[in-house]
């Protein structure tokens, strides 16, 4: 497999880099690079000689970490991701990310990963089988997917499909 940059855009305010994994001449799922997307904050622009930061500025940094983590989850839910891969992708330690994520969202990272997968599954399930949906949204086991789906939506995947398919 080779990683091929497809789009690179730089500006003062943003940096977008898209990568795709190429497998035998075909382009497959998007793979996001394992480094944080730069967040613009006043603190990052301050002179590094300043020794103290206000609480509000510290929160901006932490929110930036959480924003990057959420972005990574939303863009990679279909992959085999966990707390460690999310922490690595945003460039912080596991324990730091867990603490900041919980403070900012009042949710765990695993809870957010499952939440995103279930929301995507609701869309996919209307067009594909339960097993195909499970694997497409990042579950490695269709029975576990069905259990989690039922717990989160109060519908089994088949009930959901019957109820909401047009």
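Even glycines carry a Cβ here, placed using N, Cα and C.
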Match it up for me: which of 28-55, 56-83 does Swiss-Prot list as region 'Disordered'?
28-55
As a quick check of your reading of DSSP, tell me how many residues in the DNA-binding region (130-153) are helical, how many are strand and how many are coil.
19 helix, 0 strand, 5 coil
